[in-house]
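For reference, the structure is listed below as structure tokens.
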């Protein structure tokens, strides 16, 4: 028992439990000046926005400090990565401190748009100045987003899982309830529920198999005897991007709708905003096309974020490693990028089929939205659990050895 209490996993897990408690506590801190008895609490915000917010650490249905969640930060990270791909921008050459500061500026801009859209849509109590209520709630929502970013950083440093744990907590707390409400609302019988469970387990099995699949590139190390060469290789996942495209695509695609809702509230006479808000609502044809295109693009982009040929080639050159029949340096970088590109396309197609394909059912009935996202959630869950498992395995590696005089 003493050994367990002193283990690094237990200590880090204790910190993570504390951070999750703080997150749950903040999720129950309701924003001020809101008329909770109003029949249309979300105002211009659709239920689909509330649902997608729950997948990114937010909860619009509770009108709490963390209603916007980590969505602005996630959107800022993917936009920054896209900007950094261009060598002409020079963003990747900036000092880390400046990069982090500009990422926070971008996060603030996106958080301002989303928080203002939410605040303007909420019904205000009678007798409260509307301007004061909107300003206060906007500031609180932005502060809530940055607090979650800070909490995620603390969890990365002291706990287990980083921001992944916050997202998992949000999904576990909100999505089962919303899926249950969908089943009740659609009057789905027991046979269909059992079929959905079986299909869900099948999707989970496929997701786990694909998550563990690897392509191994043989690596040779200078001054290492050849009989050890079988243990030297570079792993490339079958889906190098993992489940990240699904999560980030939802965050990225929701930004235009927040922006349009904000324009509609500020300029109610513009008729075109209603048309585009309706077109970009989750489950509509234009949204589905945009979502699947973003899924595919992010599937390729994140593959090169996770497996960078340039960084690996530079690290191999410094450590005296090389790939058989490939010259070190630029040739190694091009070879690795070529391999990654092949699997990135395979992974992007797999992600579109697994996460985007089932959502085509909402064209028949939009009320199937929550159920159609179950396969995508399995992709996220499998990736999250695998990452946490790898992190725990790395932390317990040193503890698996015994001291010489123990």
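Backbone N, Cα and C define each Cβ position, glycine as well.
Values in this document were obtained by computation on a predicted structure and should not be read as measured data.
If you look up Swiss-Prot, you'll see 14-34 (among others) marked as transmembrane segment.
Within the chain carrying the transmembrane segment (63-83), a Cβ under 8 angstroms from the stretch's Cβ atoms is held by residues 23, 26-31, 34, 36, 41, 53-54, 56-57, 89, 91, 99, 102-104, 106-108, 110-111, 114-115, 118, 122, 140-145, 147-149, 152, 163, 166-167, 170, 247-248, 251-252, 254-255, 298, 301, 305, all 6 or more beyond its ends. Annotation comment: Swiss-Prot describes 63-83 (among others) as transmembrane segment.
The transmembrane segment annotation in Swiss-Prot covers 108-128 (among others), and the record cites sequence analysis as its basis.
Positions annotated as transmembrane segment by Swiss-Prot: 131-151 (among others).
Summarising the annotation, Swiss-Prot assigns transmembrane segment to 156-176 (among others) and lists sequence analysis as the type of evidence.
The feature transmembrane segment is assigned by Swiss-Prot to 190-210 (among others). Outside the transmembrane segment (190-210) by six or more residues, the chain places 183, 238-239, 243, 350, 354, 371, 374-375, 378-379, 381-382 with a CB less than 8 A from a CB of the stretch.
The transmembrane segment annotation in Swiss-Prot covers 246-266 (among others).
The transmembrane segment annotation in Swiss-Prot covers 285-305 (among others). For the transmembrane segment (285-305), the residues of the chain that approach it from at least six positions outside its boundaries are 78, 81-82, 85, 239-242, 244-246, 248-250, 252-253, 279, 337, 340-341, 343-345, 347-349, 351-352, 355-356, 359-360, 362-363, judged by C-beta separation under 8 angstroms.
Long-range contacts of the transmembrane segment (344-364) within the same chain: residues 203, 206-207, 210, 237-241, 243, 245-246, 282-283, 285, 288, 291-292, 295-297, 299-300, 303-304, 371-376, 379, each at least 6 residues beyond the stretch ends and with a Cβ under 8 Å from a Cβ of the stretch. Residues or ranges marked as transmembrane segment by Swiss-Prot: 344-364 (among others).
Taken from Swiss-Prot, the feature transmembrane segment covers 368-388 (among others). Within its own chain, the transmembrane segment (368-388) has Cβ neighbours under 8 Å at 48, 51, 55, 160-161, 164-165, 167-168, 171, 175, 178-179, 181-183, 186, 196, 200, 203-204, 207-208, 211-212, 242-244, 246-247, 282-283, 351, 354-362, counting only residues six or more beyond its boundaries.
Taking Cβ pairs closer than 8 Å, the transmembrane segment (246-266) reaches residues 44-46, 49, 52-53, 55-56, 71, 74-75, 77-79, 110, 113-114, 116-117, 120-121, 167, 273-274, 276-277, 280-281, 287, 290-291, 294-295, 298, 302, 351, 355, 376, 379-380 in its own chain, all 6 or more past its ends.
Within the chain carrying the transmembrane segment (14-34), a Cβ under 8 angstroms from the stretch's Cβ atoms is held by residues 41, 59, 62-67, 122-125, 128, 132-133, 136-137, 140-141, 144, 147-148, 151, 154-155, 158-161, 165-166, 169, 173, all 6 or more beyond its ends.
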